[in-house]
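Q: So TrEMBL lists these for the protein:
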BINDING   D:Thr118, D:Asp192, D:Glu217, D:Lys247, D:Asp251  substrate binding site
BINDING   D:Gly283, D:Glu284, D:Val285, D:Gly286, D:Lys287, D:Gly288, D:Glu304, D:Asn407  NAD(+) binding site
COMPBIAS  D:8-17  compositional bias 'Polar residues'
COMPBIAS  D:28-46  compositional bias 'Low complexity'
DOMAIN    D:252-413  domain 'S-adenosyl-L-homocysteine hydrolase NAD binding'
REGION    D:1-56  region 'Disordered'
Protein chains: 4
Amino acid sequence: MSHHDQISFKTTGPTQGRSGRFKRRSRSLSQSSTDSYSSGSYSGSSSEDDDVSPREKVQYNSKNFKGFCVRNIKQAAFGRREIEIAEQEMPGLMLLRKRAEGEKPLKGSKIIGCTHITAQAAVLIETLHALGASVRWSACNIYSTQNEVAAALAEAGFPIFAWRGETEDDFWWCIERCILSDDWQPNMILDDGGDATHMMLKKCPETFKLIKGIVEESVTGVHRLYQLSKSNKLSVPAMNVNDSVTKVKFDNLYCCRESILDALKRTTDIMFGGKQVVVVGYGEVGKGCCAALKGLGAIVYITEIDPICALQACMDGFRVVKMDEVVRIADVIITASGNKTVVTRQHLDRMKNGCIVCNMGHSNTEIDVDSLRTPDLTWEKVRSQVDHIIWPDGKRILLLAQGRLVNWSCSTVPSFVVSITATTQALALIELFNAPQGRYKKDVYLLPKKLDEYVASLHLPAFDAHLTELTDDQAKYIGLNKAGPFKPNYYRY
Amino acid sequence: MSHHDQISFKTTGPTQGRSGRFKRRSRSLSQSSTDSYSSGSYSGSSSEDDDVSPREKVQYNSKNFKGFCVRNIKQAAFGRREIEIAEQEMPGLMLLRKRAEGEKPLKGSKIIGCTHITAQAAVLIETLHALGASVRWSACNIYSTQNEVAAALAEAGFPIFAWRGETEDDFWWCIERCILSDDWQPNMILDDGGDATHMMLKKCPETFKLIKGIVEESVTGVHRLYQLSKSNKLSVPAMNVNDSVTKVKFDNLYCCRESILDALKRTTDIMFGGKQVVVVGYGEVGKGCCAALKGLGAIVYITEIDPICALQACMDGFRVVKMDEVVRIADVIITASGNKTVVTRQHLDRMKNGCIVCNMGHSNTEIDVDSLRTPDLTWEKVRSQVDHIIWPDGKRILLLAQGRLVNWSCSTVPSFVVSITATTQALALIELFNAPQGRYKKDVYLLPKKLDEYVASLHLPAFDAHLTELTDDQAKYIGLNKAGPFKPNYYRY
Amino acid sequence: MSHHDQISFKTTGPTQGRSGRFKRRSRSLSQSSTDSYSSGSYSGSSSEDDDVSPREKVQYNSKNFKGFCVRNIKQAAFGRREIEIAEQEMPGLMLLRKRAEGEKPLKGSKIIGCTHITAQAAVLIETLHALGASVRWSACNIYSTQNEVAAALAEAGFPIFAWRGETEDDFWWCIERCILSDDWQPNMILDDGGDATHMMLKKCPETFKLIKGIVEESVTGVHRLYQLSKSNKLSVPAMNVNDSVTKVKFDNLYCCRESILDALKRTTDIMFGGKQVVVVGYGEVGKGCCAALKGLGAIVYITEIDPICALQACMDGFRVVKMDEVVRIADVIITASGNKTVVTRQHLDRMKNGCIVCNMGHSNTEIDVDSLRTPDLTWEKVRSQVDHIIWPDGKRILLLAQGRLVNWSCSTVPSFVVSITATTQALALIELFNAPQGRYKKDVYLLPKKLDEYVASLHLPAFDAHLTELTDDQAKYIGLNKAGPFKPNYYRY
Amino acid sequence: MSHHDQISFKTTGPTQGRSGRFKRRSRSLSQSSTDSYSSGSYSGSSSEDDDVSPREKVQYNSKNFKGFCVRNIKQAAFGRREIEIAEQEMPGLMLLRKRAEGEKPLKGSKIIGCTHITAQAAVLIETLHALGASVRWSACNIYSTQNEVAAALAEAGFPIFAWRGETEDDFWWCIERCILSDDWQPNMILDDGGDATHMMLKKCPETFKLIKGIVEESVTGVHRLYQLSKSNKLSVPAMNVNDSVTKVKFDNLYCCRESILDALKRTTDIMFGGKQVVVVGYGEVGKGCCAALKGLGAIVYITEIDPICALQACMDGFRVVKMDEVVRIADVIITASGNKTVVTRQHLDRMKNGCIVCNMGHSNTEIDVDSLRTPDLTWEKVRSQVDHIIWPDGKRILLLAQGRLVNWSCSTVPSFVVSITATTQALALIELFNAPQGRYKKDVYLLPKKLDEYVASLHLPAFDAHLTELTDDQAKYIGLNKAGPFKPNYYRY
């Protein structure tokens, strides 16, 4: 398979849910896909550079610092510009930086980071630094690094170890370079997938015990943390950012609402008006897709296994059907189920000529792409991320991104939404680092609701939104503290 | 009693949240308001009837049964028609009746009911009966009984004790008639507000201990149950229906989406296009109102205290403002905060001529109506439920339903949505009555998620919606049982 | 007369289009239906009054004036309140009154009016008076007069001849009383249906020639004017208000968007979410209905004969189907085609139990109601304007308003939209009355675009809308006068 | 000036309206901008090619034909693929081809074409050919030619004279090569801008008189035709396609609804939720933009000069304001007025940091871009088509496409919508070519409504839409022919 599944080697099993790690990853890659549109003008990377592994080159930044490993330090200026653009659209995180810069709540913290290396991640890294943290950073994915951003971070003096197109060996080498540093002892981990956490647990079990807290944002990483916790191997408190309100209700819903149209347009130039679209799954991802498509005049059908989500779809004005009922008439089919093989070869055989098939949900298992690799079918790559699969009778199906997350590959994701999650990560780090002894045990926690609310409040000024304050009387009447939290933990938003 | 707060004597204090009891009450009263539109044609009640208290009359139904107390048994035919209409729009509950009728899962149960007596409640009562239950029923509100429905139930042989316009003494007398029956020992309670529960606890503490379970749907009643539980006085398991998913996500959101336009139209004939509307609070009630208003071309502003809800409002395309910023330009102001005095006299003084003010949230405390009862202002009742408050300079404010729930008073609530909650109540009774020893302790429980899902599934056929079933493979992959539950308990929908 | 078609005696043949006269009529009747909801509180009409024909009573207003004929002058106060409420919601017409009151552009005009007598019509009549006109007024429909409004006008001194429930003889007698007045010679006609015009043409051909202009708003009346014009019998200029932009684009589209939900709710308490609705015809009426229904979560299907409208429906996100394809699954069927028998007995036979059928389009011919009057079917009136038609197998179809315009019978129409048409009528009268000799020949005209724009501009302040003015440079560049008109005549809006 | 205004030399003055020519142009260029994203993979044009003018090269296609002049015949395969993709999305035009291929209604026609040379235009050209026409073709714009498409056409044997980046001299030379052919005498013109028409009129006045008809689709070209007609110089009938219903109501409205989001996303990756957007002008273009933006949660404000459009905006739920009222808070400003200088330097000075400014309306005059070329401001090109204008205080305004049509430069336009206009052009040619003597005089005509309807009907199968047929009875009742036309000419849709 020419398209090596870059995430398989880290995913040890099926994961519940549909976002988290994979979603997050999408961001970085989507950024890189933008990059590819404009690679000529931006990165200036010549092919010669790519021939030599960064591990074999010695590079210095303009201040003669060489404690990093990136593709090409000369791309720093391009990366800096991308970071500046991202800063504009990450107002909540920038506001946190501004507010807490004096206070330096992360002073003394030494954070190992292992995330996608994107412009947005750079804004997070530089925010942590501004808040007092010392960091070392590697990539959580071998394909997702924006090289010019990594260069910009290196130029700014950050010990960064990441480039696009690492080998698996490179991948672990980079993480190790972060963990094992002679004169630098980490006390916090910001992880995306759990790889840094697990390497450290294995390689430096003693140092691991000194860690004050782990912040994890991916489905997979959270899953692994809960497993550690169950088997009593989790010796430090950890914060599950993946299931925080802001992540679930903003990152998933709005991010998909914003990116589905974009992904379809950039790949197929489709007209949405009057198109019949089947969305598989009416969770947050599906809800976001449906809202956007309906807004532009598409007719949307839903398939669901869960009667509650199905009833929501009904009340929201969508027909709930089985795939077999609509597969022949569909113009577009979008998977968002979090499950595997929800679009089968049998379905694909029955689709009409020109049907577009893509995935917004889970890795590359929702559409049974492998079933299309049979001798009777012809694959024709017509554009980047667009394959025509041609049946013997001439029927063509348009498969986007080979069934991988389509907004992962074919669109960008709004920095604003990323800002919400990044701010949550920063606050989780601050909370764990500063929590009084005993507040957090060796367990996995959700962010306290009050901090969730703080994350939201940091993003309101961007909308020029003005919160109302409770009067003393009202606060008393309703039994709330005027500063929040304003809702019980089980509130569903 | 022109402004007596008819619910105050049962509400011992402020309650959190914004629906539950008060919401439920709205249904019955809204039904009764429909009734009032057409009282001539429907109920045929002559004023003479009203002069004599039902307690002082002896009435027989056509089968010579007299174990009930209603306004006028002769209205039974009208009530039966209303019940039949309600059955049509309560497909989930009717389907449950049909499916479980053979099995009779409530055989042996003896249920005391204390709810609003409406056509929809009648469908619930007759469903419980069809499932094997024996019942005795009274009203949870002195104003909300549909007399003709009560008559229809009495005609059908149900021991029903309720009429519109009970005195407080009548109210308790009716409940007592349900509890204290010589030859009938209750073993279940279906309560709305907690009055039956508490009377029984006080008057028959010994019998109370034999109760197998309590099902409670109101905010207030649930609050009282948790208090009992805390003080170790709850000797039986109780089910909190008020916070079940179907209640929160369907009853609140969609019910308000359906009824806000209706309530405003019926009272004011307002045109929605281009109107500037302020909605106070962006919880489920506010969200429902906003969706409906935006759909008809209104421009909606939100006030919020909670930054998370505020951020949702922003992302959904609404300006989040303080009341002071928009009070002068608003055409309509709708309160949905669950708090008190969110519209003050100062606000009212600054509104423009013709502004409509109404409440979708909490009892009659959200708008400071009392502040309008000053000598400088003139009240003019222009229609049923519509008062003009006239300022010295001639400015008129249109106050709907005197600040009580406007869909409570001025519109109907879709039976379909009520069906969802009623089905939840029925299933909760079945679950508690049949649960094996030990499954439920002396505590307050939420409905198991699987039953939530069952409630939803019972309502899908009405939409001709077809659920997809997991394959064995998919179920294994995602770690689910093919029959559900399909989501973890913390899932937010 | 339970099913007499009250408009048939004036409709001499099929009329093109779907609004005009019949639409206009709906307004008044809808008002009267409101009235019926609350007749007890408002009109105070005792049944004794109704036994005596107004023609046989002599009534005086408080100033001892008796030159009118209404049901009961004592209802004047109730009518005045209704007029005041209407004034609030007719800001454009009131603004015209205020602006032109000093100038008195209708000074010297003597206008015969023959329209529905409603609160909104009263605002028009009093505006004409304020602008200098002398008027005499009768009703254009025997059912639509709001008696209390007629009383209020009579109390204010207007020679008004109209009551609800006129006989056909009464109808013509009333018009004649307007035309034939000893000391008053009409010089303008404001007509709705053409009856005043034609009676005058027949009875007073000489006086008719002295008329300075006719303003006509109905489809039927306009049709008759064009016929007169063709046969060279039109001796005066006439203005066709029915096809003015503001009428077509506001009255039809937005009026239906506002009233369809209301009409369905008031009659059936239907929940819209997830309902499958078939709308027959995607003209302005259909477009308005669809927009509203989609906004509340209904799934809408369209049937169309015109491929252009059908393509618009497709692009707007609606499936275009034949009735046969969807009649079995429809929850609601709304006719808006302007044609006859678009819902046949065959369709009705195939509808599912509980299907609601109603008409927004043309008189009572769109649904083949007569085909339902066969012995095998049972009719049951369940509410005002709601009939259940019961098939032998128990299936029930809900027929609203017996197939007459459902917003005609079951809802109100926003006064604001009526204001737009009424203002157009007033300006048309002013234009014809003041036009220099020769501007208008003996023909039928559309309102000059500039006046159309003026009508619109009078309604903008109600929205606090602020127009931008062209700079000299921009006006020159685009070739427009800064004061308008801003669009060519063929512009489609 | 690096940004030569490529259209100025053909635009002799201000033009009314906002679409037509300029709009059409957008399509081709937007195609070319797509092209630019992916130039590496698609066209394979090496820079050497570009150094030599096509006029100085002799090229042969694979059948040894050399009667064309394109950039590089070797790109034909790439172009053919683009044409095939376009065919998929132009179902109406392809259906016309299929239906009329046997009949060959253009047999004997010799058509000079002068339009943008895009994949969609190629589908039109090949359709005309399939219908019997002989053609010669040049470009109507020096920048808009898709070189690979021109190559594909040349490879297919079409005498095509066009390439991207012609000089003005090249431009006229190409048209001349079409007109002046030794053995080929044109008898029809398909023009876009009027240049072919006018060159022929000047250079070959005698041949011009033999032309059977002109079809023109641009605002400018139509304007010039009307001028010719007025001055009695139009010696042949001409068809104004620009003002046909399908053009106005589909091309403008839906095309903008589809492309505005795309254009903004591809350039700025903006998140739409909660953004405050000002749209200048609420014509079809503005309406399309607003519908799309509202659908994704933006808050939209309108500025308007025309009270009728302003009132529509109000009723549709948008605040109508003056630019000064909102310029400080706007996140995005979109011009769609058809006028000049609607965004001035004064406005730009007052916008907030990060505001995006772009134009959907008229050439590059709506935003006063020249006013930004002052020494105090810094221009920074951050991406293709995105300039940051930096104020001395650091404020940045994002100017898209330097004020030229943003969907012209930064997005694609759905082929489906183009298909509607192209089909109209083909039918206009057929109609003029086959019209019996005398049907058309030396004047400018609109397409007969019946053909408009036929265009629409050809596009319905793509939506699987099923038209209803009138019964004989219905047709008679409503006074229509069963085959249409279904509406009077003045119908407004």
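Just so you know, glycine gets a Cβ as well, placed from its N, Cα and C.
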Q: In terms of Cα spacing, which of the binding-site residues D:Thr118, D:Asp192, D:Asp251 are within 10 angstroms of D:Glu284 (NAD(+) binding site)?
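A: So the list reads D:Asp251.
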Q: Determine, using Cα-Cα distances only, which of these binding-site residues is closest to D:Asp251 (substrate binding site): D:Gly283, D:Gly286, D:Gly288, D:Glu304, D:Asn407.
A: D:Gly288
Q: Measuring Cα to Cα, how many angstrom lie between D:Gly286 (NAD(+) binding site) and D:Thr118 (substrate binding site)?
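A: Checking the Cα atoms of D:Gly286 (NAD(+) binding site) and D:Thr118 (substrate binding site) gives a distance of 26 Å.
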Q: Find, for the listed binding-site residues D:Gly283, D:Gly286, the residue with the lowest Cβ contact count at a 10 Å cut-off, counting only other Cβ atoms.
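A: Output over binding-site residues D:Gly283, D:Gly286: least Cβ neighbours within 10 Å is D:Gly283.
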Q: Just how spread out is the substrate site if you go by the largest Cα to Cα distance in Å among D:Thr118, D:Asp192, D:Glu217, D:Lys247, D:Asp251?
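A: Max Cα-Cα spread across the substrate binders: 18 Å.
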Q: Of the binding-site residues D:Val285, D:Lys287, D:Gly288, D:Glu304, D:Asn407, which one has its Cα closest to the Cα of D:Thr118 (substrate binding site)?
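A: Of all the candidates listed, D:Asn407 is nearest in space.
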Q: Under 8 Å, Cβ to Cβ, against chain C: pull out the ones among the binding-site residues D:Thr118, D:Glu217, D:Val285, D:Lys287 that qualify, in sequence order.
A: none
Q: Give the helix, strand or coil assignment DSSP yields for D:Glu217 (substrate binding site).
A: coil
Q: Do you know offhand how many angstrom separate D:Gly288 (NAD(+) binding site) and D:Glu217 (substrate binding site) by C-alpha?
A: 21
Q: By CA-CA distance, flag whichever of D:Asp192, D:Glu217, D:Lys247 among the binding-site residues is nearest to D:Lys287 (NAD(+) binding site).
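A: For D:Lys287 (NAD(+) binding site), the closest Cα among D:Asp192, D:Glu217, D:Lys247 is found at D:Lys247.
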Q: Count the other Cβ atoms sitting within 10 Å of the Cβ of D:Glu284 (NAD(+) binding site), across every protein chain shown.
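A: There are 27 of them.
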Q: Quick one: give me the count of other CB atoms within 10 A of the CB of D:Thr118 (substrate binding site).
A: 29
Q: Report the largest Cα to Cα distance, in Å and rounded to a whole number, among the residues D:Gly283, D:Glu284, D:Val285, D:Gly286, D:Lys287, D:Gly288, D:Glu304, D:Asn407 that the record lists as binding NAD(+).
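A: It comes out at 22 Å between the most distant Cα atoms.
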Q: Going by C-alpha distance, which of the binding-site residues D:Asp192, D:Glu217, D:Lys247 is nearest to D:Glu304 (NAD(+) binding site)?
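A: Closest recorded candidate to D:Glu304 (NAD(+) binding site) by Cα: D:Lys247.
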Q: Roughly how many Å lie between the Cα atoms of D:Gly283 (NAD(+) binding site) and D:Lys247 (substrate binding site), rounded to a whole value?
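A: With the alpha carbons as reference points, the distance is 14 Å.
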Q: Cα distance, D:Glu217 (substrate binding site) to D:Val285 (NAD(+) binding site), nearest Å?
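A: That comes out at 17 Å between the alpha carbons.
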